[in-house]
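One structure below.
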Protein chains: 2
Amino acid sequence: MNTEFGTYLVTQGSRSRGRTTEDVVAAAIDGGVDIVQLREKGATARERYHLGRALREQTRDADVTYLVNDRVDIAAAVDADGVHLGDEDLPIAAARDVLGAEAIVGRSVSSVEAARHAVQAGADYLGVGAVYATDSKDVHEEHAEIGTETVAAIADAVDVPIVGIGGITAANAPDVIQAGADGVAVVSAITVADDPEDATRELANAVREATTSIDR
Amino acid sequence: MNTEFGTYLVTQGSRSRGRTTEDVVAAAIDGGVDIVQLREKGATARERYHLGRALREQTRDADVTYLVNDRVDIAAAVDADGVHLGDEDLPIAAARDVLGAEAIVGRSVSSVEAARHAVQAGADYLGVGAVYATDSKDVHEEHAEIGTETVAAIADAVDVPIVGIGGITAANAPDVIQAGADGVAVVSAITVADDPEDATRELANAVREATTSIDR
Ligand code: NI
């Protein structure tokens, strides 16, 4: 899997200041986002399907990796590149059975033990969080703040890419990368920004600089 | 499709008087149920997946048709015979893309117009209701009582099998069949019965006698 995990947008139209998710995604693409995940908690499957098809066109045109949160069937129906699963979702192997061997299957974890378990179960990457406390409890499964220490411990424990999520901004993203994350996933830092394109670029630059400083 | 739609159980462990859904399904199979639909509103996808695999074994052994409510991915992952979709679920064509051409795809409708639309969209059968008022609003999407007149109008309007749902018992099932339904779907009439096997048999007999009287 050659996917870049640097800057990862999780969509949530209800937290996008009246902007459509299509507009937020277009701005994020222009700003250099690497991955877009269709989340949209609270929307019906039907709504997510129709929005999901639109995002598939946008991300395909831009060569941006495109994942769907939770719902393997929506991922399959919109021809996403994969799915991101939590504790209450289908098991990783079941998702892969439905989506095929090439699909990217990610998994949310909050501990070293869960991370090891997810990798043994076949996760291609891990979403690790909440790194920092977040006020977007309505749209996150990850509530408990685990801090960069746990990010570092998980990065040491597993060999798959890990993406920090939860309360991440351009200001603290370097700490998350320094701790060992391959990328950072955000909702609000892009969706509620005054300028989502600028916000994405700022975040992507912060991630890139931190990554480069580690490589040295 | 040679599926029998006479007696159709929709599962709901939370309305099964402490019995497991596996036990209720086993009793319904012994009582002569034709179709089992995994519903289990309020359960997580993970829980429905694990229960769904168990029901797949039970129904396969008994040669009973097995469907999953709403979730196309769970239907695929547990190797169900198909899926039953509502207004908020994936479109019929998208479900069929995921499940394959052989899958049974049913659709809930409450009006002649919706019935025609669903059949044009490719529904293999229709769940029509709520035929009668029901107190299980927590587990049914179908709230408004449409009565046997609408069942009759839908039966006249479409050529696919239709199954009445909502407040149906062995006592009123004959009226639903007389109105033109091919079968009746129930939750409570089986799940909260003193003896789910006897209740299934009583319901199946009522449906069979009413169907035979029409054929004459
Ligand atoms: Ni949260």
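Quick reminder: no glycine exception, Cβ is built from N, Cα and C everywhere.
Since we're looking at a predicted model, the values are computed, not measured.
Pulled from TrEMBL, these are the features on record:
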type: DOMAIN; residues: B:8-190; note: domain 'Thiamine phosphate synthase/TenI'
type: BINDING; residues: B:Gln37, B:Leu38, B:Arg39, B:Glu40, B:Lys41, B:Asn69, B:Ser108, B:Lys137; note: 4-amino-2-methyl-5-(diphosphooxymethyl)pyrimidine binding site
type: BINDING; residues: B:Asp70, B:Asp89; note: Mg(2+) binding site
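Features recorded in TrEMBL, as mapped to the structure shown.
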residue	record	Cβ contacts under 8 Å, 6 or more apart
B:Gln37	4-amino-2-methyl-5-(diphosphooxymethyl)pyrimidine binding site	B:Tyr8, B:Leu9, B:Val10, B:Thr11, B:Tyr66, B:Leu67, B:Val68, B:Asn69, B:His84, B:Ala185
B:Leu38	4-amino-2-methyl-5-(diphosphooxymethyl)pyrimidine binding site	B:Thr11, B:Arg48, B:Leu51, B:Gly52, B:Leu55, B:Tyr66, B:Leu67, B:Val68, B:Asn69, B:Ile74, B:Val78, B:Ala80
B:Glu40	4-amino-2-methyl-5-(diphosphooxymethyl)pyrimidine binding site	B:Thr11, B:Gln12, B:Gly13, B:Ser14, B:Thr21, B:Glu47, B:Arg48, B:Leu51, B:Asn69
B:Asp70	Mg(2+) binding site	B:Arg39, B:Val83, B:His84, B:Leu85, B:Gly86, B:Asp89
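In this structure, B:Ser108 (4-amino-2-methyl-5-(diphosphooxymethyl)pyrimidine binding site) is part of a beta strand by DSSP. Confidence across the domain 'Thiamine phosphate synthase/TenI' (B:8-190), taken as the mean pLDDT and rounded to a whole number, stands at 95. Neighbour count (other Cβ atoms within 10 Å of the Cβ, all protein chains): 23 for B:Asp89 (Mg(2+) binding site).
Packing around B:Asn69 (4-amino-2-methyl-5-(diphosphooxymethyl)pyrimidine binding site) is summarised by its Cβ count: 25 other Cβ atoms lie within 10 angstroms of its Cβ, all protein chains included. Chain A comes within the C-beta cut-off of under 8 angstroms for none of the binding-site residues B:Leu38, B:Arg39, B:Glu40, B:Asn69, B:Ser108.
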